[in-house]
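**Q** Sharing a structure with you now.
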Amino acid sequence: MNSANSALVLFSGGQDSTTCLAWALTHYARVETIGFDYGQRHAIELAVRPFLLEKMRLISPEWDGRLGADHMIDLSLIAKISNTALTSNVEIAMLENGLPNTFVPGRNLLFMTVAATVAYRRGLDVLVGGMCETDFSGYPDCRDDTMKALQVTLNLGMATKLKVETPLMWIDKAATWKMAQDLGGTPLLNLVRTGTHTCYLGERGELHDWGYGCGNCPACKLRARGYADFIAG
């Protein structure tokens, strides 16, 4: 058990955040979750959150005892001030700056600030996020340096000692699948595979071996490739 005994998990309903939730439930005595409605095109991820939380409780009595309140925050202002492939019905493409147009500027910065505010109010010690620098699309707000800087800034701004944990930061998608299996066995692995949502286009009509999705967007391709590598060992 971690010396800091409580955590707030940024929980979107996707593969990474569900795995991070399992990680937090293994490491902390009290765990709460927070989700954000920012006008995302793949809003289906928000719809699957309650189902996932319910099923997580059934995987382990210990997890059930540790899992606390869920907080849903309206951040629709993000869609109003940005024009990206995650918040608008536009084709996914690369921009001149080298970033995909799925990058939502300031999203994780705002998420972490709001999460820190909720953690402050709820008396929670740690923020847990699924940011990753190994298998990602080059988003600058997923970098380890960004998260470390945010931890310093948030603590200075609120006179707290919050810790930011990113369990997936240095592992690839295959290792993320393996982590889910290690944390919750076959029940968690199957829940992540069939219950979580990653597809940027919000497609949930066809179940592939790696889960639901269009199979063509960057998120689906990354998830599918990671699953194939995981199965291959």
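Any Cβ shown, glycine's included, is placed from N, Cα and C.
Pulled these from Swiss-Prot:
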BINDING   PHE11, SER12, GLY13, GLY14, GLN15, ASP16, SER17, THR18, THR19, CYS20, LEU21  ATP binding site
BINDING   CYS199, CYS214, CYS217, CYS220  Zn(2+) binding site
**Q** Counting only residues 6+ apart in the same chain, whose Cβ is under 8 Å from the Cβ of CYS214 (Zn(2+) binding site)?
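**A** Spatial neighbours, sequence-distant, of CYS214 (Zn(2+) binding site): CYS199, TYR200, LEU201, GLU203, CYS220.
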**Q** Minimum Cβ neighbour count within 10 Å among the binding-site residues GLN15, SER17, THR19: which residue?
**A** SER17
**Q** Including all protein chains displayed, how many Cβ atoms other than that of CYS199 (Zn(2+) binding site) lie within 10 Å of its Cβ?
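**A** CYS199 (Zn(2+) binding site): 23 neighbouring Cβ atoms within 10 Å.
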**Q** Between the Cα atoms of SER17 (ATP binding site) and CYS217 (Zn(2+) binding site), find the distance and write it as a whole number of Å.
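**A** Taking the Cα atoms only, SER17 (ATP binding site) lies 19 Å from CYS217 (Zn(2+) binding site).
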**Q** At the Cα level, what's the spacing in Å between LEU21 (ATP binding site) and CYS217 (Zn(2+) binding site), rounded?
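**A** A Cα-Cα distance of 25 Å.
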**Q** How big is the gap, in Å, between the Cα of THR19 (ATP binding site) and that of CYS217 (Zn(2+) binding site), rounded to a whole number?
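**A** Each residue's Cα considered, THR19 (ATP binding site) and CYS217 (Zn(2+) binding site) end up 21 Å apart.
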**Q** Beyond the listed site residues PHE11, SER12, GLY13, GLY14, GLN15, ASP16, SER17, THR18, THR19, CYS20, LEU21, identify every same-chain residue whose Cβ lies within 8 Å of the center of their Cβ atoms for the ATP site.
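**A** Here the nearby residues are VAL9, LEU52, GLY130, THR196.
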**Q** Just give me the nearest neighbour of CYS217 (Zn(2+) binding site) among the binding-site residues PHE11, GLY13, GLN15, Cα to Cα.
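**A** So, spelling it out, the nearest of the binding-site residues is GLN15.
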